[in-house]
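Visitor: Pasting a structure below so you can have a look.
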Amino acid sequence: MADKTKILIIGGTGYIGKFIVEASAKSEHPTFALARESTISDPVKGKIIQGFKNSGVTILTGDLYDHESLVKAIKQVDVVISTVGQLQLADQVKIIAAIKEAGNVKRFFPSDFGTDVDRCHAVEPAKSSFEIKSQIRRAIEAEGIPYTFVSANYFAGYSLPTLVQPEVTAPPRDKVIILGDGNAKAVFNEENDIGTYTIKAVDDARTLNKILYIKPPKNIYSFNELVALWEKKIGKTLEKIYVPEEQVLKQIQESPFPINIVMAINHSAFVKGDLTNFKIEPSFGVEASELYPDVKYTTVEEYLDQFV
């Protein structure tokens, strides 16, 4: 185990961060998570930290905004994975600066994990958020830091339990709202699989300075196909309400935060088809299920079974 790549996760108690920490610990990489004192003592996040410790994760006390603590943590590892949330995306320049100073990092994974921000046509407010991710990518490239950008598309846990329906907590049983014409294809990945694929990429020369797209063939569905699959599972035909693009754009403008950002992401994926309207070229990207055929990923069909 001594020669296994040491991995530091920054933002490990966040939504996708937890899955990446778990995948790293499970794969027997020496795993480190950076946490603030306030996170460790927090009643909710403290439990997550304790869970990490129980899995053999080393907790390093530090802060994104404390340069010395960042450098000190980074010097102990080989690979840095950032899973910081929306509000800290721009502050990843601090991680970049610390990586440059530490000088020992073999790979940096910034907090990406969604749509490929360099190949999308999102409207505000998602546009600004994607632009920040894009700026971080350019900063990493400019500094010559070895990287992998993970494009994980939709998190299944965010989208499939409601079949991408707004402001509900269960999948539809009567009627379903479909954005656009319902034909643009999107991609849905179970969070544990995102963690597994990300950690597999850590030591892989094929993913160095590339975008790792998580697009397993059985998880690519248009809205219409997703609805048809659900109808088959529940043995019932749903009433379909199609929302034309102009109306989707109007709803985005009129909705409060954070509903508007979710709607803008859905518009990008389901109206513009931004998750699938380009070909992955070897010059910039690789696809996870092709690289790692041994990973038995959860399919959309299997995932939906729990809600029937």
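Keep in mind that glycine also has a Cβ here, set from the backbone N, Cα and C atoms.
Residues or ranges marked as NADP(+) binding site in Swiss-Prot: Gly11, Gly12, Thr13, Gly14, Tyr15, Ile16, Gly17, Arg36, Lys45, Arg137. Swiss-Prot lists Lys133 with the feature active site, proton acceptor.
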Visitor: Please work out the number of neighbouring Cβ atoms within 10 Å of the Cβ of Tyr15 (NADP(+) binding site), leaving out its own Cβ.
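Guide: Its Cβ has 14 other Cβ atoms within 10 Å.
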Visitor: Whole-number Å distance between the CA of Lys45 (NADP(+) binding site) and the CA of Lys133 (active site, proton acceptor)?
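Guide: Approximately 25 Å lies between the Cα of Lys45 (NADP(+) binding site) and that of Lys133 (active site, proton acceptor).
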Visitor: Report, as a single number, how many Cβ atoms besides its own are within 10 Å of the Cβ of Gly11 (NADP(+) binding site).
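Guide: A 10 Å sphere around the Cβ of Gly11 (NADP(+) binding site) contains 24 other Cβ atoms.
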Visitor: Counting Cβ neighbours within 10 Å across all chains shown, tell me which of the recorded positions Thr13, Lys133 comes out on top.
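Guide: Per the Cβ count, the most surrounded site is Thr13.
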Visitor: Please report the Cα separation of the residue listed as 'active site, proton acceptor' and Gly11 (NADP(+) binding site) in Å, rounded to an integer.
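Guide: That separation, Cα to Cα, works out to 16 Å.
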Visitor: For Gly17 (NADP(+) binding site), write down the residues of its own chain that are at least 6 apart in sequence and whose Cβ falls under 8 Å from its Cβ; none is a fine answer.
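Guide: Gly17 (NADP(+) binding site) has long-range Cβ partners Ile9, Gly11, Thr83.
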Visitor: Assuming the binding residues for NADP(+) are exactly those in the record, Gly11, Gly12, Thr13, Gly14, Tyr15, Ile16, Gly17, Arg36, Lys45, Arg137, what is the maximum CA-CA distance in angstrom, rounded?
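Guide: Largest Cα to Cα distance for the NADP(+)-binding set is 29 Å.
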Visitor: For a quick check of packing: other C-beta atoms within 10 Å of the C-beta of Lys45 (NADP(+) binding site), how many?
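Guide: Around Lys45 (NADP(+) binding site), other Cβ atoms within 10 Å: 17.
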Visitor: Return one of helix, strand or coil for Lys45 (NADP(+) binding site), based on DSSP.
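Guide: Lys45 (NADP(+) binding site) sits in a helix per DSSP.
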